[in-house]
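Undergrad: Look at TrEMBL and you will find A:40-60, A:97-130, A:183-206, A:239-260, A:291-308, A:320-337 tagged as transmembrane segment.
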C-alpha cells in the first residue's frame, strides 16, 4: 500500500483506474487487490455461492434460495435497523426482545382490534421501544450498549408478563397469513416482498436523502455534526425508532408464519443482525456503510447455514463455522480502505 | 473602517478556572485580525464564543452595531460567521463534496422527502475548489484519503464557500508542511481581497506579520494589547505574550 493522498492530484491514466476508482500511483494488480479487499463480503458471497453450487445439487434452485430468503426476513428486518444504528455510531441489542414482545402484543391485539389494529399496535410498540432506547441514550446519557441491554430485558419481560409466560394462540385472517406468512407472489414469498420493500426504502433513505447524510455525519464525527447545525440527539433517537419498527415488523412476520405470540421468540436475532451488518462491511466505528452491504452480509450468514444444512453438518459444527466467518469478515472489513455507502 | 463585530466584557469560567476575564475585541470589516497568546491564554475559548460553540457567562456581542445573542453554531452561521476549528472538524468517511456541504446539502423534495442533489453538490464543490485554487483530483475522494494540507484546504473551503462576512481560522497552518502553509496563507490573503473579515489564531509570528492587519494579544484570559502591524515589531508582540510588557487600553 502506498501512502493515501500522495500523488492524487494527477488525472487517472488507465481504464482500470477509472473503473475501480484507484489512484494513479497504483499498478493494476494493486488495484484489483484493493477492489477485492474493499468488496470482501461481496467476493466472499460469490465464492460461497460457487462452492455451494458445486457441493450440493439442491443449493442453486429457486425453491432453496427463496426458502433461505424467507428464513432470514426477520433477522434481516432487525439488521436493517441495526445498519442505521451502527452507522450513527451506536449499537442496539434489543431487536430480538422487541420482536418477541411484538408477537405477543400482535396476538393479543388480533382478537380485540382485528388484524389491521394489531399491525398498528405492534408497529407503534416497536417505535415506542426504539424511542425509549434513544431517549435513555440521549437524555439519560447512557451508552447505547447498556441502554439497549436494559430495553432488551424490559421488552422480554413485558412479553413474558403479557403472555403469562405461555405461547399466545390466536386466529389470524387469511390476508394476514398471506402477506405476513405463507403467501407467494409467483415464486416469491410474500414476507420476502415486505422485507424487501423495507430494505429498499432504507437503502434509499441512507444513500439518497439528506437524512442518510445526517446519520453518517453523527456516526463519523459527532462534534463536527453539532457544529454543522445537526440536531445530534434527534438523529440518534430516530435511528433507534427505525430499528424498533423493523424489529416489530419482524414480530408480525413471526405471527403471520406461526399464528402465535411467543415470548421466547427472536432469541439471539440481534446478534445475527449485528453479524450481518459487520460481515457486510459496515464498520463498527460508524460513519459509513449501507443497507446493501447488510443484505450481502445477511446472505453470507444465511447461505452458510443453508449449505451446512444441505451437507448435513452437525449444528454444533455450524456454530463454529459461523463464528470463524464473522471474525474473518471483520478482519477484512478493518483492512478495507474505502467503505462504501 | 467600520466595526463589523464587537465583543464587550466577555467572560467565561470553567469551574474555578477563569478562562476569559472580560475581553473587549473589535473586528473591522475587511481586515485580518490575528489573535495571539500563549497556550491557555483564552484564544480558543474566545473564538468558540464568537462561533457559538460555547455560551459566555457574561458580556455583550455586537454585530454591525446591533446586539446579537449567539448561543448555537447555527446562530453564528446565520450572521455569516464560519469557523475552521483547530481539530479539523471534517467527516473522514465522507467525500469532499459531502464535507463541503455538511449541514446544508442541496435537496429536491419528492413527496416531501428531501432527496440529495448529488450531481449539483459535486459540480458546485468542484467550482468552489477551483475558485479557491485548490487542486484535488476528484470531489468524490474520501477526506481520510487526503493529505494534511488537502484536508485543511477542504476545511477552509467549507467555511469560505458559505461565509458571507467573517471567517475564523484556528491555527490553520499547524501540522502542515511548508508548501501547504504557504497555500493556506495565500488563502487568507485571498479572503481579505474578497472582502471578508478574518480572525486568525496562530503561534507563528512570521505568518502573522505577513498576513494580518492588526493583532489582539491575550494573556491569561485578559487583553494584553491591541496592535497595528505597521506600528509594532515581533519583539513587542513577544513581550506582550510573555507578560514582559503590557499595554493598558
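All positions are counted from 1 along the displayed chain.
In case you wondered, yes, glycine gets a Cβ from its N, Cα and C as well.
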Undergrad: Determine which residues of the chain contact the transmembrane segment (A:239-260) at the Cβ level, with the cut-off under 8 Å and only residues 6 or more beyond its ends counted.
TA: 73-75, 77-78, 80-82, 84-85, 87-88, 90, 92, 94-96, 98-103, 105-107, 110, 118-119, 122-123, 125-131, 133-134, 137, 148, 167-172, 176-177, 179-182, 191, 194-195, 198, 202, 215, 266, 269
Undergrad: Any residues 6+ beyond the ends of the transmembrane segment (A:40-60) with a Cβ under 8 Å from its own?
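TA: Answer is 279-281, 293, 296-297, 299-300, 303-304, 306-307, 310-311, 329, 332-333, 335-336.
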Undergrad: Excluding the flanking five residues on each side, which residues at least 6 beyond the ends of the transmembrane segment (A:97-130) place their CB within less than 8 Å of a CB in that stretch?
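TA: Residues 74, 78, 81, 151-156, 158-159, 162-163, 168-173, 175-176, 240-252, 254-255, 260-267, 269-270 contact the transmembrane segment (A:97-130) from elsewhere in the chain.
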Undergrad: Could you tell me what the rest of the chain brings near the transmembrane segment (A:291-308), counting residues at least six beyond its ends with Cβ under 8 Å?
TA: 41-42, 44-45, 48-49, 51-52, 55-56, 59, 64, 67-69, 71-72, 75-76, 79-80, 82-83, 199, 202-203, 206, 272, 275-282, 317-318, 321-322, 325, 329, 340
